Every structure is written in C-alpha cells, then in structure tokens.
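What TrEMBL records for this protein:
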{"type": "ACT_SITE", "residues": "ASP50", "note": "active site, nucleophile"}
{"type": "ACT_SITE", "residues": "ASP52", "note": "active site, nucleophile"}
{"type": "BINDING", "residues": "ASP50, ASP335", "note": "Mg(2+) binding site"}
{"type": "BINDING", "residues": "ASP52", "note": "GMP binding site"}
Amino acid sequence: DIVLQLPDTKGQSYCENDLLPPGVCNLLNPAAIYANNEISLGDVEIYGFDYDYTLAQYSNLLHSMIFNTARDILIEQFKYPEGLGKYDYIPGFAIRGLHYDVQKSLLMKIDAFHYVQLGTAYRGLKPVPDEEVIELYGGTQHIPLYQMSDFYGKGPSLKQFMDIFSLPEMTLLSSVIDYFITHNIEFDQVHLYKDISDAIRDVHVKGVMYKWIEKDMEQYILHGDEIYAVLNRLVNHKKKLFLITNSPFSFVDKGMKHMVGKNWRDLFDMVIVQADKPNFFTDRRKPFRKLDDKGSLQWDKINQLEKGKIYKEGNLFDFLRLTGWRGSKVLYFGDHLYSDLADLMLRHGWRTGAIVPELETEIRIINTEQYMHSLTWQQALTGLLERMQMYQDAESKQVLLEWMKERQEIRSLTKNLFNPQFGSIFRTFHNPTYFSRRLVRFSDIYMASISCLLNYDVNFTFYPRRTPLQHEAPLWMDQLCTGCMKTPFLEEMVHIR
C-alpha cells in the first residue's frame, strides 16, 4: 500500500484516509469575476453589451428546439434519410470550444499547444481509438498551425465551435454521421458539414428561434431581474451604456421589455441591431441606418448617433468617429471570444469581459470533495513520477509503470466529472484548452453572467493573481485552487512505503 505522509498542519485534523482538511472544498465562488488582466472599473466610463447569451441568457431547452428543427430541415428540404428523425438532442454530449476536422469527420478537443487530447476524439457518437487518431495525423497528436483556425476559428480543414448556439450543431453533426456509419451509407464529408451548417443557419436566419423565445419568455430567458439591476445601477453611477447585437430589433425589443421593462431604451445611449459582427468591427463599408420606433428602415444619412434611436448595421470605425468613445474607458461584454471580443481588444484597445455560462457548473464541480481529492492525488503522483524516474532497477520501473497507470486513471476520472466525452472546457488534463488560451488572450475579465457585476463596487479594481512561471515554480508551494489549501511539499511525499 502507498501511504501519503502529510506535513504538520498546525492542529488541523484529518479524517481517516482523507487528503484534505475539513472545510477546504468551498474555495471558489461561481458568482465571482475572474481577471486575466488588471482593470479598474473606476476608469471605465462606457459599458457595451452583446445581447444573446450576454444580456439574455437562455435555458437549455432552446438547444433541443434548435436541434429538432435543423434535423427536420435536413430531412424535409435537403432530403436526408427519414431515419434521422429518431435522433433526439443529447444534452451534455458536446462542450464549447471543440474543433471539427471536416475531411476526417472528427470532433475533438485540442489544447493550447495544438495537441489533440486523447480520449476526446469522436466520429459520430462513438470515440475513436487513440491509435487511430495518431495514425490519422501522421503519427502524432499535433495539428499543424496551417490546418488550425484562422483569427476567427475557421481554418482550411478545421472549424472551431466557439458559440453557445453551436452545441446543438455539434450534436446534430455527430448524430447524422452516426446514422450514416451505422447504416453503411457513403457520404461526402464537406457536403455533410455544409448542409448541417446551412440547416442550423436557417433556424436563426429565418427567425424560427426568435418566435419560440418571444412566445415563452419565462421559459427561455434566465436572470431577467438581475439584468435590470445591473443596467440600472450603472446608469445611476453616470455610466454610458450601448448595445451592439446581430439580432433583429423586434426580437431584442421584446426580450429587453421582458427583462428590464418597457422603457429599457432610456437606459442606453446607443442601440445597434443586425450589426453583422465580426464584420462590424473590421469592415468599413456598411454605413449606419436608422430604424423608426416600429423597426422600419429610414433613408436619411447618419451624421450623428442619437440617444434613444435604433440603428442597424454600420461599422466600428464610424461608431468611434461619431461617439469619440475610445480605448480603455470602454468595457464591452460578449460571449463569443472571436466575434465579440478579439478585434476590440487587439485592434482598438477596449477592455473586454467574456461571459462564460459554463463557468458556474465547472466551479461547482471543482468545489466538490471528489474533485479535490482527485486533483491532490494527481499532483502527488506527478511529483513522485518526476522524482523517482531516475531509479532504473526492475522493481522501481514496475512501481513507476503502476503510478503512471494510476495517474492516467485518475485524470480520466477527473475529466469525466465535467463531461464524459470531452471533459472541461478550460483544461485538457494538465494543459489549458485552445478555448482557454483564447479566453485569456481576448478578455480582461470573465464571469458566468452579467449579474456577477452586482457583487462588486462600481469602482472595484480586479487584480489577476500572480501565478508561477515554470522556472519560478520551485520557489512556490504547490497550490490547489485559490491557494487556501497547500498540498505537501515533494520532500514529504518521498515518505512512501
């Protein structure tokens, strides 16, 4: 048996077989805001918002509706086999941030260093063996940069799903492939991917989704009262507010009336709908157009953006010229790291806030005792493997092999706590995911919902925690979560019998 000797803990008592002191598991707050970059809200004068999944958070019921409607479009309009009608949406099958290799029909999770996380590659609804994945990519798990995403997640052969709306799309893609493979039907991968993308797009473009939500706001829209509280508080502190969304005015108007009240537009200095992001941020060609109160287009040339008016299309360059709102006094919130945040941060110097609804669930899992135990023992085993690998005798090698096997088993167990197929959206075992790296790159702060702002003063300064670079790590104690719980030094871990 392996017995881990814990160091003196100044009077803290441990349960038998426990690795953790009591009360250590409630470390992270799902309603907190987390900082990638130092930012003082006191310096922010103007707050901007996306609408879908930023101001308006939707219930998971919406994903089933999108899946079912797009599936029926494939059958009725694209003449796909009627047998597809037997497939229903699988909640929790996919996670955000996955990549899809169109030519190989592979849906997979890729880490920040462009490596496929083994065990997370799926063709259809079934996992592809690790050996086959490695063979498919020429004997490596690595995906070359030229095949990977461009700036907006669309590479020549790989597409990254960064939108929360893409969860039903990934599940439909996997379901259709599963049907074709199961029934030995040959298919062209490129056509299949395009057909499914078009079917999903039709659900959005033809306004079907908007009708569902408008019909039953209570069922689909979450946190409405809190959104009113956030916006009202900002206005009361003399902050300017604006909204830039790709959704149409009538849909946004109904949703905002439901959440905020009939006079919601009084809170905003600027409202821009059907903006065509990310092109809104990069393309100078589309001028602004004004809408009247009923949402009908006006024809006059726009020389100023007036409070209380609704504008359509336009571009960021005209927006900056007409408002004079520039640089770090502007903080913009969105859920899509590419379409909402990347250009604003990198090209224009705005501060950015990412809305990551999955954060709430992931933090609740991190706070469980099961996760804490798994992570602590993983850290211990990793330290042991690193220190003990110098011993080359047969007995030591056997012990090392057993430890490596145990470490892999614990890592898989930990992954399954988040999602049995793909794990956490933030981690691939020890590395950050490709999604995580983009989150850090394109957002100053991130949070589960806009309502998290209610937990902070309007002049609050967010300070990112200093974490060790690898060459600094020996100076630091290994820390778990926020550092409230110190795992043992590796010196103590040598006491193994």
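The backbone N, Cα and C atoms fix where each Cβ goes, and this holds for glycine too.
These figures come from a predicted structure and were not determined experimentally.
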What does the structure give for the C-alpha distance between ASP335 (Mg(2+) binding site) and ASP50 (active site, nucleophile)? Integer Å is fine.
8
Run through the Cβ atoms and count how many others sit within 10 Å of the one on ASP50 (active site, nucleophile).
25
Just counting, how many other CB atoms are there within 10 A of the CB of ASP52 (active site, nucleophile)?
23
Across all the protein chains here, work out how many other Cβ atoms are within 10 Å of the Cβ of ASP335 (Mg(2+) binding site).
23
